[in-house]
Each structure stands twice: as C-alpha cells, then as structure tokens.
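Chemist: Got a structure for you, written out below as structure tokens; questions coming shortly.
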Amino acid sequence: MTDTSADDSVQFRDDVTVELIKHSAADSDVLWAARVSTAGEQSLAELTKDPERSKGLINFLMRDRHGSPFEHNSMTFFVSAPIFVFREFMRHRVGWSYNEESGRYRELEPVFYVPSTERKLVQQGRPGKYEFVHGSPEQHQSVVDAMEASYRQSYDAYQKMLAAGVAREVARATLPVGLFSSMYATCNARSLMHFLGLRTQHELAKVPSFPQREIEMVGERMEAEWAKLMPLTHAAFNGNGRIAP
Ligand SMILES: Cc1cc2nc3c(=O)[nH]c(=O)nc-3n(C[C@H](O)[C@H](O)[C@H](O)COP(=O)(O)OP(=O)(O)OC[C@H]3O[C@@H](n4cnc5c(N)ncnc54)[C@H](O)[C@@H]3O)c2cc1C
C-alpha cells in the first residue's frame with residue numbers, strides 16, 4: 001500500500017516490492033549437474049520421461065545435503081524495501097550479488113516505511129524466547145504518527161542541506177533506516193534456500209528461525225517466484241525441513 005500525502009511528495013509504504021527480473025533456473029539444471037558423470041545423458045529428456053526418478057534424485061540430494069547441483073542456476077530480483085531490511089539482507093555473503101541505488105550520485109526519494117495494521121507491534125517474553133502479538137489500535141496510531149512526523153522532519157532537513165549546496169553524500173546522514181532503497185540481488189537456488197531457512201518462519205522448518213517480519217516479507221515473495229521455476233526442488237526443500245543442502 002502507498003499513501004501519498006496531499007501536502008507534499010512524501011510517501012509512506014507498508015509493503016515491499018520484489019520482482020523477478022531475469023532467470024535461468026529449472027529443476028533440470030539440478031539433474032544435469034547431478035548426472036554429469038553419466039556421459040551423454042540428457043537430463044531434460046529424463047525429467048519428462050521419468051518424473052518419479054527425477055523427483056527422487058532431487059529429494060536424495062536435498063536430504064543428504066549434496067548442495068552443489070543446486071548452484072547451476074540464476075535468479076535476479078529487483079527489491080525495493082527499507083534500509084533496515086537491506087542491512088540484514090546484505091549479511092548474506094555467499095552466493096549473492098548485490099547492486100544498490102546510490103545516495104551519493106542521486107537525490108534520494110522521500111519514500112518511507114510505516115507498519116500496516118497487520119504487523120504485530122508488541123514483543124512479549126524474554127530475549128531468545130519471545131513472541132510478537134498485535135498492538136492496540138492506539139499503539140498502531142502512535143507508531144504511524146511518530147514515524148511520519150520523524151520522517152518528514154529528517155527529509156526536510158535533507159532538502160534544506162541540498163538547497164544550501166551541501167553534497168548529497170553529506171546531507172543523507174540525516175535520513176533514517178525506514179527510508180526505502182532499491183537493489184538488484186542475484187542468487188542461485190542453494191543460496192536462496194540458505195536465506196529462506198534463516199529469514200522465513202515456516203511450520204515445516206526443522207530448525208525454527210525468528211526473522212524480522214519485514215525481511216520475511218521479501219523472502220516470501222522471492223520464494224513464491226522460485227517455487228514456480230523449480231517446483232521439485234522447492235518441494236524437496238520443504239519435505240526435508242527447509243534446511244539448505
Ligand atoms: C534471526 C536472526 C537474527 C540475527 N541477529 C543478528 C545480530 O543480532 N547481530 C548480527 O551481527 N547478526 C545477526 N544476524 C545475522 C547472522 O549472524 C548472519 O550474518 C546472517 O544470517 C547470514 O548468515 P550466513 O553467514 O550463514 O550467510 P552467508 O554469509 O551467506 O554464508 C553462508 C554460509 O557460508 C559459510 N561461511 C560464510 N562466510 C564464512 C566465514 N567467514 N567463515 C566460515 N564459514 C563461512 C557458513 O557456513 C555460512 O552459513 C541474525 C540473523 C538472523 C536470521
């Protein structure tokens with residue numbers, strides 16, 4: 001959802017954008033890589049000729065954590081999300097390539113994150129053993145009011161510095177981590193599975209993780225795109241407890 005204020009250009013969003021820009025990714029890539037030792041075998045043909053055998057091989061590779069056959073594919077996503085999501089995202093170093101918009105070479109757009117009413121606001125329990133529950137309508141309103149006022153103030157300060165001739169790379173220091181940024185992120189199925197194992201919560205996960213909801217929103221959208229491209233691999237990931245091979 002995007003809410004543009006009538007009185008200025010500042011936008012508030014409670015969602016994220018994830019688009020699959022390009023891909024070369026199919027279950028047959030896994031089969032080809034796994035069967036390369038069998039000279040001349042055409043795994044694409046095998047996939048349709050004997051789907052059960054293909055499914056079984058992918059499941060075996062996943063279960064026994066033979067990970068490298070899941071690397072011979074590529075997916076490039078365009079992601080637009082708050083900077084605090086990107087800080088978490090870019091901790092994923094292996095099998096990921098990133099390019100992010102520059103705050104030095106262009107003026108940053110006034111697009112900021114505010115949580116939706118569905119976003120659980122209240123943390124209960126002790127560190128390491130807590131859960132999130134819904135806040136009251138009053139708590140949600142106070143979050144929206146505080147964030148919007150703060151965002152407007154910081155973006156106004158940014159604009160004033162730019163108008164006074166200050167460089168973008170200096171003026172941006174006043175902008176908060178709720179500002180939206182955008183990036184291209186390229187991965188393969190193996191690195192995506194590792195990311196999903198850590199950044200999504202799922203009833204089938206053998207090792208539960210407790211990610212921040214906003215990076216999970218990005219992960220869920222990526223997973224939906226990937227599942228369409230590699231349905232057998234996705235099913236084997238779920239069937240083996242969502243542990244990356
Ligand atoms: C719920 C949650 C809470 C978190 N909280 C914090 C926090 O409070 N503070 C914080 O700093 N981070 C935090 N993180 C980030 C976390 O520590 C990892 O940096 C992040 O999840 C990336 O995981 P990774 O290193 O496995 O991924 P990648 O960097 O993609 O690495 C993939 C795998 O490659 C191997 N590998 C990569 N680099 C090395 C290396 N240098 N040496 C040996 N093996 C390597 C490891 O097997 C690793 O699992 C949190 C993550 C999650 C999911």
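For all residues, glycine too, the Cβ spot is worked out from N, Cα and C.
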Chemist: In TrEMBL, the residues E88, F89, M90, R91, E100, E101, S102, G103, R104, R199 are said to bind dUMP. Which of R53, R63, R172, R242 is said to bind at that same site?
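Modeler: The candidate from R53, R63, R172, R242 that TrEMBL ties to dUMP along with E88, F89, M90, R91, E100, E101, S102, G103, R104, R199 is R172.
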Chemist: Quick check: of S68, S116, S154, which does TrEMBL put in the same FAD site as R91, H92, R93, E100, N188, A189, R190, H194?
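Modeler: Looking through S68, S116, S154, the residue TrEMBL assigns to the FAD site is S68.
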Chemist: To the nearest whole angstrom, what is the C-alpha distance linking H92 (FAD binding site) and R199 (active site, involved in ionization of N3 of dUMP, leading to its activation)?
Modeler: 10
Chemist: Below 8 Å Cβ to Cβ and six or more residues apart, same chain only. Which residues does that give for M90 (dUMP binding site)?
Modeler: Y98
Chemist: Relative to ligand 1, which of the binding-site residues S68, S102, A189 have a Cβ found under 6 Å from one of its atoms?
Modeler: none
Chemist: Run through the Cβ atoms and count how many others sit within 10 Å of the one on H194 (FAD binding site).
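Modeler: 19, counting other Cβ atoms within 10 Å of H194 (FAD binding site).
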Chemist: Here's one to test understanding: among the recorded positions S68, H194, R199, whose C-alpha is closest in space to the C-alpha of R104 (dUMP binding site)?
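Modeler: That would be R199, nearest by Cα distance.
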Chemist: Counting all other Cβ atoms within 10 Å across every protein chain shown, which of the recorded positions H92, R104, R199 scores highest?
Modeler: R199
